[in-house]
Amino acid sequence: MKYLLNMKSLLATYRSVSKFKVEPMGLILLGLSAMMIASVSSYQTYVDSVIMKTSWWMSDSLSVVLISLTIIVTMISLLCSDEDFSLNKSLTTFSLCVCSITFCCIMFFISCNLMVFYFFFESSLIPTTILILGWGHQPERLQAGMQMVLYTVYGSLPMLVLFSFVWLGSGTSNMVMLALLHESFLPKVSIVWFFLFIGMLVKIPVFLVHGWLPKAHVEAPVSGSMVLAGVLLKMGLYGVCRVIWSFGCPPANISFMFMTIALWGGVLCSFMCLCFHDLKSVIAYSSIAHMSMALSGILTMSNVGWMSGICMGVVHGLCSPCMFALANYTYSLTGSRSTMMCKGVLKVAPILSSMWFIFCIINMGCPPTPNFYSECLLFSSISGFSSVLYLPLYFMCFLAAAFSLFIYASVNHGYQGVMVRPSSGLSVRFLISMSVSGLFLISMFLFLDMVFL
């Protein structure tokens, strides 16, 4: 009898270990990729300093930073995907989808050919849609996946036409050659630049073309939400940087129009964060607000605005996925994502509550977090571009603090909800990934001189 019990315990241990057999291999491959990138690249201060270049691929400091962010976010998403791995579905397909998204993003960040750039820009949609449809929990995931595909494809079709026009007009599709020629090959007509940027703005996204993002976040599994917030949104920001780098500065009226829409849209999204009760929806709309401010800094065409916008995008790329992971863990603890139901988490899971506090103060831009310095420098660069934009900037900074405090207070304080169950403790993988990410984000201010000087 004792022998049979020992055999059963060994079998249960084997099953629990084999359940995650795909994940360590993915983490090893991602770690090797990070080592490879670190070995072929050296530190460069400026975005336009090319480290490595071929006819199709190029690596500079901006692409190295975003590739590193992609690998880190993917590893954290795999570490926080206990629930997705426990489902009775193909683990190979799940890991393949996540790794395919990572591969498409890395190829996009190092591509310097216009057509390859566009190809990987669109290719990331396929594994993301499969992830939402296959591992989402609600029937509405079909609508969310369809909206994401339609928004992105229709928004980027004019960009493909303009890329083809530039290729035929200049005789080259190499972005480095186009930048060195110092000739735009695009008419300085506002409507042309509008259609060139609209595909990137859908990916960021900015207000008015943001309808797909909250639905995709709500219906996606935790790994999908983390990769979507941390990496896929940065593809739009990186695309704007590369288009400006290759084709020159857009007309001032186009920049002002996009900045006005982005900032006032960010104000409206910040107000929406105070109205919603779904944690995922609140974090999704806060992403739109932060990315709108980062985009506005890049569109100022100043060095300070460029660097502070990129810095805010990178910090958001690590903070927002961790907040989605915390929301998912809170959901597993309480059985609800509603801030009306999952109250009093501080009493049953104080460590989880402290994690919420750390990432909420990072999200609100509290000193000495890098978001604080980015917001201060964005203030100076955007207000230097146009003093009319002072008002939405003030509103956004105030409301960012308001909805971050709203998230923390709603979840952790108040009368303990009836759905809140006693916690058996955080998993070691979740605790390590959140702790390392939080400490890294808080200590990033020590290295900001490498970015801004």
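Using N, Cα and C of the backbone, Cβ positions are placed for all residues, glycine too.
The transmembrane segment annotation in TrEMBL covers 61-79 (among others).
The annotation transmembrane segment is assigned in TrEMBL to 91-110 (among others).
Residues or ranges marked as domain 'NADH:quinone oxidoreductase/Mrp antiporter transmembrane' by TrEMBL: 112-390.
Here TrEMBL flags 116-136 (among others) as transmembrane segment.
Marked as transmembrane segment by TrEMBL: 148-170 (among others).
What TrEMBL records for 190-213 (among others) is transmembrane segment. Counting same-chain residues at least six beyond the ends of the transmembrane segment (190-213), those with a Cβ under 8 angstroms from any Cβ of the stretch are 121, 144, 147-148, 150-152, 155-159, 161-162, 228, 232-233, 235-237, 239-240, 243, 247, 250-251, 253-254, 258, 261-262, 264-266, 268-269, 284, 287-288, 291-292, 295.
Marked as transmembrane segment by TrEMBL: 225-248 (among others).
Residues or ranges marked as transmembrane segment in TrEMBL: 254-275 (among others). Remote same-chain partners of the transmembrane segment (254-275), defined as residues 6 or more beyond its termini with a Cβ less than 8 Å from a stretch Cβ, comprise 190, 193-194, 197, 201, 206-208, 210, 282, 285-286, 288-290, 292-293, 295-296, 299-301, 382, 385-386, 388-389, 392-393, 395-396, 399-400, 402-403, 406.
Per TrEMBL, the feature transmembrane segment maps to 282-300 (among others).
The transmembrane segment annotation in TrEMBL covers 306-327 (among others). Sequence-remote contacts of a segment are chain residues at least 6 beyond its ends whose Cβ falls under 8 Å from one of its Cβ atoms, and for the transmembrane segment (306-327) they are 47, 62, 65-66, 69, 72-73, 76-77, 80, 217, 222, 225-227, 229-231, 233-234, 237, 241, 279-280, 283, 286-287, 290-291, 293-298, 300, 337, 352, 355-356, 359-360, 362-363, 369-371, 373-375, 377-378, 381, 407, 430, 433-434, 437-438, 440-441, 444, 448, 451-452.
Annotated transmembrane segment per TrEMBL: 348-365 (among others), in sequence order.
Under 8 Å from some Cβ of the transmembrane segment (385-409) lie the Cβ atoms of residues 255-256, 259-260, 263-264, 266-267, 270-271, 273-274, 279, 282-283, 286, 289-290, 292-293, 296, 299-300, 302, 305, 323, 339, 356-357, 360-361, 363-366, 375, 378-379, all in the same chain and six or more residues away from its ends. According to TrEMBL, the feature transmembrane segment maps to 385-409 (among others).
Per TrEMBL, the feature transmembrane segment maps to 430-448 (among others).
Long-range contacts of the transmembrane segment (225-248) within the same chain, counting only residues at least 6 positions beyond its ends with a Cβ under 8 Å from a Cβ of the stretch, are 47-48, 62-63, 66, 69-70, 73-74, 76-77, 80, 98, 101-102, 105, 108-109, 117, 121, 124, 128, 166, 175, 178-179, 182, 184-186, 196-197, 199-205, 213, 216-217, 280, 283-284, 287, 291, 294-295, 298-299, 301, 306, 309-310, 313-314, 316-318, 320-322, 324-325, 328. Outside the transmembrane segment (116-136), and at least 6 residues removed from its termini, the chain residues within Cβ reach (under 8 Å) are 56, 84, 87, 89, 93-94, 96-98, 100-101, 104-105, 107-108, 142, 144-145, 148-149, 152-153, 156, 159-160, 163, 175, 199, 203, 216, 219-221, 223-224, 227-228, 232, 235, 239, 242.
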